[in-house]
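Scroll down for the structure; my scribbles are underneath it.
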């Protein structure tokens, strides 16, 4: 008899297992070795068919055993054939005991036993895979596999019990002795294997359950991870939305702060403007007070006339002494101290007359220039101004030949232009503060009997700070003043006053000197005529011997002076006056003394520039006063 060895069971089972089965070797509760299946299991296992055929043949075998026991007279050959036939249907454990020619107990038992439940289909590696599993089908397969194993072992035990009588009866015929000890060992071995297999199956079921539990936990963890990622994404999006909202709020806050700062700056600017206006008003009040004080004190630089003297000289302001009337008031011609004078009387209902009176008295009493009208005196109590009498009246009257006066030759026109520019430069360089006339026009240019021009009517003149006298924009006035067509457009729009405001008026005046035309649209007509080459048609037709080229040069200088933007106008001292001096020199070289009626210039213009104003006295025999039209034009201009 051959005993089973423990170290051969594992090898025999591994060798005898079908190639579509996966073999797990478990020792002491742990998997010590494993053999994977090399092919898929067939749809119907051939072992199952073999086991079923053996079960069907079992009753026949049992009846055949009893027949053999009753017929003791059968021959040995038939017994041997029957024994071989029973070997084919005998339990695998019985065939193992036949001898060394048959397979071992371990090989036969585990080879013929259906253990396909441990095939690759039930490999627990599915835990690591991402494919879903059917837990219910797996549990059914495990239970059916356990029942199949139990049935196989029960069949083996039943077969063994049924074979025992046959074996005991044939002991004598075959000559083989079976001891009861050997059968007990086989039973013990079978019990031990059954327990081990049960233990292995329990461990396998436990491992499968743990794998399922682990898979469920993994799936739960995956779901939890997905939910956490979703929550994190939502939190991230909420954070981004919150940050965007915070950024918008910050932008709104910054905009509000900037707006508040801008409002604060505007408020500060308004406050500063208000302070400046108040300071300006205070300064103007101080200047006015100073002027009034200077007029009130005895230490004055002009002669004070009593109202009785003026009334006597004008025969109580008789109408036949009246030579004109303007916005300031009427003008009378009379004699004071045996000198022909012009008396301008303040109109009581004129709102600005009082301030203009003090302004003119202060300016004319402080400055002296050959081309500034001479203030002989005043009566401050009644607002009367006494000027030297200008025989030829205003330049406007002479240009338009009002009263059928003679034509002014081009030589005198060039001299008048240079004289006006010289006097204007003197006002702009007045110390301590520059003086801006603000109402320069032909009606405010008076001519004496020698056609020496003098600027008058400085009642609208304003002093500007010397630090900003030549700036593009500097001294702001609350309201504009002057005569339309002669007012600086930039000053008219912005109220910013400067010395170049007079340059614009000078440009219009120069164009009128050479064209003798009204100021409306004059710059446009002259510029177009220069472009078309018909400038000679724009010149005063009453003068027949114009030097066209020189006159055109004067017109070009005048057009530059009438630029709309103040910064584009030329400088009076460096650009305008040198050209006018050149034209005056040309006029002196071509002077025609015989062209002037009544008298001629006994002195050259340059000599007149050096003569004291007190020495230039108007001719009292001139029939034309010249004040009427100039006063009327002054009235309409204001």
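Placed from the backbone N, Cα and C atoms, the Cβ positions cover glycine too.
Keep in mind that this is a model prediction, so the values were computed, not measured.
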Check each of the ranges 145-164, 165-184, 185-204 against TrEMBL and return the one annotated as region 'Disordered'.
165-184
Annotated region 'Disordered' segment (source TrEMBL; candidates 551-594, 595-638):
595-638
Can you check how the pLDDT averages out over the domain 'Protein kinase' (317-583)?
87
